[in-house]
Amino acid sequence: MVEQLPIRTRALLLGAGLLFASGAMLGLVLPIRAEMEGFPTSLIGLIGSAFAAGYVAGCLFLPRLVAQVGHVRVFGVMAALVAITALINVLFVTPIAWILVRVATGFAFAGATMIIESWLSESASSETRGRVFARYMIVNLASSVIGQLTVMLFEPGGFEPFVIVAILGCLALIPTALSSGRAPEPLHEVKLDFRRLIRVSPIAVMACFGVGLANGAFGTLAPVYASSIGLPLWAVALLVAGAIVGGALMQIPVGRLSDRMDRRWVVVGVALVGALLSFGLFALELRDPAQVILMVMLLGGAMHTIYPVAVAHANDRAVEGNFVAVSSGLLLIFGAGATLGPAVAAPLMQWGQPQWLFLFLMAIYALVALHATWRTRVQAPVAEPQPAFVGLEAIQGLTQETLHLDPRVDEFDEDERENSPLDRR
């Protein structure tokens, strides 16, 4: 019989689920509403970039604030800020207001997520960390999909979706604020040593940046594309949720494949599949909801598996004890790509056609595949046995604190992790 997790851990997972559902719902309803309001596509892209920029800023600067003020107070402020910014969106329906508010939303969402993850990490022992991490990723995935599908129940042109988001953000505060137990350790600051990461794995750096560009653009602009080609609201919600489900379904098969062969060739293969599927969505100009949703679900299988394989490859090449340093650096690189992606892809859609979004994705995935092919030919493979792959789908709620929940972190000694160089000599 599988031992149940403590009540406190389950309460924290509930709070995380409510938070992720609110974030996913708001992330979908905003571009749909912006399209209805006649916002230029280029400005809708900036709205998406603003959230990613705020999220990265939160990961960088909030650990210091938590160290000064405390977890409970900062979490209360961040949860309130998530709710407040959701309501401001419906009060001031202008592109500039939404861009500014989305920066604050991203900042608050990063802070609330990191604090929940730090509480979960503190509540997990080395024996239960794997189960806690697995449940957390399941909650992340399920609540994100539920939040997106909930959009179907409300009219995006009304105020109801924004009120629901605010309510969910406030509800997330209850199970976390009332959980008992000692305060967790201070949040971990994330640092980027770009030169060392390039030396460890240029393939991982390029892949994570490219996936950030593509995923960031898709997450913001896919609802705009779907609405522009005439898909009904239910199909728009299923399309965006389908990409996440497709990515989740492919984590295990792609992970097992990467455990049995050179991970670099897996990056090449998955990126090529992503490029081909993106080209199909661009060239075929599909209009049938079922066909579009199926193609996007297949694309999601490629879109959400390149990142974890690239991170695993980088850690194969790093010395033992640097899992967190390498992974958190790549997370920042992914965040930089996610910030730029919507801002770059949106003008292409505005000047061309809605399906030009997939022309952008095709170009990114093709570049990732070409770069990985070139690097594979000039750099020897990892000589030592590869650690087992762990799925880490690059969706909302991924911070440096997530990495400390990862069961692989217990494989390394803390002193060795802090004092050793990143790359294998």
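Along the chain as shown, the residues are counted starting at 1.
Each residue, glycine too, has its Cβ placed from N, Cα and C.
Look at TrEMBL and you will find 12-32, 38-62, 74-93, 99-120, 132-153, 159-179, 200-225, 231-253, 265-284, 290-311, 323-344, 356-374 tagged as transmembrane segment. Look at TrEMBL and you will find 200-425 tagged as domain 'Major facilitator superfamily (MFS) profile'. For 406-425, the entry in TrEMBL reads region 'Disordered'.
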Feature contact check the transmembrane segment (290-311) with the transmembrane segment (231-253), CB under 8 Å, 3 or more pairs: yes
Taking 38-62, 74-93, 200-225, 356-374 as candidates, which has the most Cβ pairs under 8 Å with the transmembrane segment (159-179)? 74-93
Count, for each of 74-93, 132-153, 200-225, 290-311, 356-374, the Cβ pairs lying under 8 Å from the transmembrane segment (323-344), and report the range with the highest count. 200-225
Is the transmembrane segment (12-32) packed against any residues at least 6 beyond its ends, judged by a Cβ distance under 8 Å, and which are they? 5, 44, 47-48, 51, 79, 82, 86, 89, 98, 102, 105, 109, 112-113, 116-117, 119-120, 123, 135-136, 139-140, 142-148, 150-151, 154, 156, 161-162, 164-166, 168-169, 171-176, 179, 219-221, 223-224, 227, 233, 236-237, 240, 396-397
Quick check: do the transmembrane segment (356-374) and the transmembrane segment (99-120) share at least 3 Cβ pairs under 8 Å, counting only pairs 6+ apart in sequence? no
